[in-house]
């Protein structure tokens, strides 16, 4: 295992793509196991890792993000929210959190949401006098809602590996997503007062709100169709990606901002994003399989349980590990490599599969905005043209707020599970 880790670190240092680094890790680990016949199964495991029907929604989610960006959906949502919240202190910051929660019901990806929010909101925040460091931290933190509020690609990976119901995972993500959004709004209220972030000063007018609402109806229908459709059983969670694409395209055509001539470019970018994810999944599957063959999950479980038999301390250890993992690896890699290790441990101490899935997803997502690495921070820095170190200084208050909410949910499972149980979940 040590040799495999060294190979992985060296591959990252020399600039190898993450998928290739993961592949080298898997091959090196298999080589140290001393059975050459395992190499014959590598290609089979790679193909088997991506030949799963539940993953078919991912390319649709990627395309939905492209259609949202090019169809004017985000702009209409922003106009509506500004007409309602623009007058309060930090009004545009509140709008950023709320619009991120709405877009999360369509995009399902933290990096994709951060990129989209930067293109739309960074100029608006700058125009309203918001410091760029706070703007970058706010957008990065808000993007974490992407993998939490359903539908979520993170949930798809989790359910693929654990056989937990995707439907109930999606339903269970609603309350945690709302609680995270509320926590961010509390942070915004504190920062707005401390930094003097004034609103427009113009009181909301019912007439203007009504006009903005009418214009935003097609945009609002996109996430509403997806959430209601999944909850009511009209279509499956896997099919929701295709529905998101159709809904986003219709909304873009209604607004007359979706350029059909640019559709091939959107398809190409979505294909590139999907290919990168699937390559990580394929190589990650080799690692997960080789670690299982080598008995590593059992060794880690034994090591942790030997430290303490206290359920609550084990949960705390898991939470810390997940944040550290999320700092370094992307969500797909972290899930494929570490979930086979941590899931049996969580179940053995009495955690519910859906409950652990929500906590796992949120903590990995928080890792994406936690320095010194934090992949979403790099996305925001690059797309928003904001200095990375400036974002880091402002992100900590959002990280602490998110950790506090998630820790509370980890120890209070009913907060996560009450809606799924209300709708028939037996866990």
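Placement of Cβ uses the backbone N, Cα and C atoms for every residue, glycine included.
Unlike curated entries, TrEMBL annotations are predicted automatically.
What TrEMBL records for 5-414 is domain 'TRAP C4-dicarboxylate transport system permease DctM subunit'.
Among the features that TrEMBL reports, transmembrane segment is placed at 6-31 (among others).
Panel annotation: around the transmembrane segment (43-64), residues 106-109, 112, 151, 153, 156, 159-160, 166, 237-242, 244-245, 247-248, 266-267, 269-271, 273-274, 277-278, 281-286, 289, 336 of the same chain, lying at least six beyond its termini, place a Cβ under 8 Å from a Cβ of the stretch. Look at TrEMBL and you will find 43-64 (among others) tagged as transmembrane segment.
Positions annotated as transmembrane segment by TrEMBL: 84-107 (among others). Packing against the transmembrane segment (84-107) from elsewhere in the chain are residues 61, 64-65, 68, 74, 77-78, 113, 116-117, 121, 124-125, 128, 130, 134, 138-139, 142-143, 145-152, 177-178, 181, 184-185, 188-189, 191-193, 197-204, 209, 220, 222-223, 226-227, 244, 247-248: each is 6 or more residues past its ends and has a CB under 8 Å from a CB in it.
Residues annotated as transmembrane segment in TrEMBL: 136-158 (among others).
The annotation transmembrane segment is assigned in TrEMBL to 170-192 (among others). Packing against the transmembrane segment (170-192) from elsewhere in the chain are residues 89-90, 93-94, 97-98, 100-101, 104, 134, 138, 141-142, 144-145, 148-152, 155, 227, 230-231, 237, 240, 354-355, 357-358, 361-362, 397-398, 401-402, 404-406, 409, 415-420, 423, 425: each is 6 or more residues past its ends and has a CB under 8 Å from a CB in it.
Only residues 6 or more beyond the boundaries of the transmembrane segment (213-235), in the same chain, are considered here, and those with a CB under 8 A from a CB of the stretch are 68, 73-74, 76-77, 79-80, 102-103, 105-106, 150-151, 167, 170-171, 174, 243-244, 247-248, 250-251, 254-255, 423. Residues or ranges marked as transmembrane segment by TrEMBL: 213-235 (among others).
Look at TrEMBL and you will find 241-258 (among others) tagged as transmembrane segment.
Listed by sequence, the residues of this chain that lie at least six past the ends of the transmembrane segment (270-292) yet keep a Cβ under 8 A from its Cβ atoms are 18-20, 22-23, 25-27, 29-30, 33, 38, 41-42, 45-50, 55, 58-59, 62-63, 65-66, 112, 153, 157, 161, 330, 332-333, 335-337, 339-341. The transmembrane segment annotation in TrEMBL covers 270-292 (among others).
What TrEMBL records for 312-342 (among others) is transmembrane segment.
Residues or ranges marked as transmembrane segment in TrEMBL: 354-374 (among others).
The transmembrane segment annotation in TrEMBL covers 394-419 (among others).
Across 6-31, 312-342, 354-374, stretch 354-374 shows the highest tally of CB pairs under 8 A with the transmembrane segment (136-158).
With a threshold of 8 Å between CB atoms, the same-chain residues lying at least 6 positions outside the transmembrane segment (312-342) that come near it are 18, 22, 49, 110-111, 147, 153-154, 157-158, 161-162, 277, 280-281, 284-285, 287-288, 291-292, 296-297, 300-301, 304-305, 349, 351, 359-361, 363-368, 370-375, 403, 406-407, 410-411.
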